[in-house]
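Student: What TrEMBL shows for this protein is this:
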- 4-379: domain 'Major facilitator superfamily (MFS) profile' (DOMAIN)
- 38-58: transmembrane segment (TRANSMEM)
- 70-87: transmembrane segment (TRANSMEM)
- 93-116: transmembrane segment (TRANSMEM)
- 128-147: transmembrane segment (TRANSMEM)
- 153-174: transmembrane segment (TRANSMEM)
- 201-222: transmembrane segment (TRANSMEM)
- 234-253: transmembrane segment (TRANSMEM)
- 265-283: transmembrane segment (TRANSMEM)
- 289-310: transmembrane segment (TRANSMEM)
- 322-345: transmembrane segment (TRANSMEM)
- 351-369: transmembrane segment (TRANSMEM)
């Protein structure tokens with residue numbers, strides 16, 4: 001079964017390679033040009049906002065023209081937007097282009113994930129989506145390392161992004177695997193979810209803030225520490241690799257320990273690992289790489305723990321709508337985080353990025369705890385098996401949103417009072 005999805009895995013790898021290369025390239029271009037850090041955060045926020053909007057746009061496009069046409073059309077839009085960066089360095093234009101790329105890429109993610117989720121057999125869905133997640137993160141690491149090829153931040157990097165997205169169309173357009181059904185949309189009962197799983201939503205929000213700041217501004221921080229383009233790519237790639245590896249022990253712990261307690265523990269450790277980068281300057285490359293790996297290991301644990309805690313306390317028929325709200329919440333955090341962190345970096349220096357991470361983690365550690373979980377709505381199938389989804393910028397929860405397994409009529413009308 002997994003061999004039948006090889007084309008989609010390859011498309012995902014190429015798509016994430018191009019996306020990550022573009023993200024870091026633009027951040028380093030801003031840093032090299034002496035542009036205020038705020039603009040780096042603003043570009044990341046525009047991308048995240050585009051991905052949130054893209055969730056709705058993707059449903060409409062896929063419903064009207066199908067999966068393959070949607071994917072190919074969005075890939076063409078991304079290629080055009082990427083090349084437009086070369087014609088002008090006007091930052092307002094770059095904001096618009098990042099928004100467009102975010103919308104189009106979310107549509108592509110929806111195509112791939114709904115295809116995998118819909119066509120995979122139920123007993124193999126976890127394996128299929130797990131391989132997809134690994135392919136996506138390998139692509140993200142390769143995208144960071146691709147900067148080593150052209151350390152001068154020239155036009156070649158943009159051409160590399162375009163090549164990656166153009167090639168990602170080929171396996172999708174030529175695939176012979178079964179086409180998925182056209183998805184339907186599900187309503188989201190916001191009030192119910194806010195009453196039922198506030199701790200989970202807050203965890204996902206903070207995760208979005210930290211991850212958005214990481215992708216948009218960590219490369220600028222590394223550049224300000226005197227690292228070369230090649231060293232910056234290593235700094236970023238190592239954090240992503242550590243986050244991927246963290247899913248193995250996290251899955252084992254998450255299935256055995258209270259998840260709210262795990263969230264608090266991860267947040268506490270994240271505070272301790274961020275503070276040295278926040279207050280010490282002139283650290284060696286080896287020390288920076290070590291802390292990058294440790295922080296990446298921890299920061300990518302928050303999102304899957306928040307998702308798992310929410311699903312443990314939500315009826316199966318409500319998990320479809322819940323997935324969409326979790327994705328939107330992460331996107332809101334990924335919009336807010338880079339803006340706040342970028343403003344701090346502009347006023348207090350690049351090291352304040354990790355002070356922002358530490359403060360965010362501290363707020364999370366105070367707000368979330370097992371003592372606030374009553375267990376009133378704990379489901380019979382809880383704890384659900386941990387799913388490795390380090391963050392929603394690469395592997396979204398939207399595949400579950402558009403899985404045609406739950407009907408609209410199966411919504412729950414009551415509004416329970418448990419607070420998680």
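Cβ from N, Cα, C; glycine included.
Help me understand the surroundings of these features in the structure.
Tutor: Packing against the transmembrane segment (70-87) from elsewhere in the chain are residues 11, 18, 22, 26, 58, 61-62, 93-94, 97, 100-101, 104-105, 107-108, 110-112, 155, 158, 161-162, 165-166, 168-169, 172-173: each is 6 or more residues past its ends and has a CB under 8 Å from a CB in it.
Tertiary neighbourhood of the transmembrane segment (289-310): same-chain residues 197, 199-201, 203-204, 206-208, 210-211, 214, 218, 234-236, 238-247, 250, 254, 259-260, 262-263, 266-267, 269-270, 273-274, 276-277, 283, 322, 326, 330, 354, 357, 364, 383-384, 386-392, 397, 420, selected by CB-CB distance under 8 Å and a gap of 6+ residues from either end.
Tertiary proximity for the transmembrane segment (322-345) is limited to same-chain residues at least six positions away from its ends with a CB under 8 Å from its CB atoms, namely 36-45, 48-49, 51-52, 55, 186, 188, 190, 193, 197, 200-201, 204-213, 216-217, 220-221, 303, 306-307, 310-311, 314, 352-353, 355-357, 360, 391-393, 396-401.
Residues 199, 202-203, 206, 209-210, 213-214, 217-218, 220-221, 260-261, 263-264, 267-268, 270-271, 274-275, 277-281, 295, 299, 302, 337, 340-341, 344-345 of the same chain lie 6 or more positions beyond the ends of the transmembrane segment (351-369) yet place their CB under 8 Å from a CB of it.
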Student: Return yes if the transmembrane segment (201-222) and the transmembrane segment (234-253) have at least 3 CB pairs under 8 Å (sequence gap of 6 or more), otherwise no.
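Tutor: These two segments touch.
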Student: Under a Cβ pair cut-off of under 8 Å, which of the recorded stretches 38-58, 93-116, 128-147, 153-174, 265-283 contacts the transmembrane segment (234-253) most often?
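Tutor: Per the Cβ under 8 Å count, 128-147.
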Student: Quick one: do the transmembrane segment (128-147) and the transmembrane segment (93-116) reach 3+ CB pairs under 8 Å, ignoring pairs fewer than 6 apart in sequence?
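Tutor: Yes, the transmembrane segment (128-147) contacts the transmembrane segment (93-116).
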Student: May I ask for the residues of the chain that lie six or more residues beyond the transmembrane segment (265-283) and have a Cβ under 8 Å from a Cβ within it?
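Tutor: The answer is 210, 221, 225, 291, 294-295, 298-299, 301-302, 305, 351-355, 357-358, 361-362, 364-365, 368.
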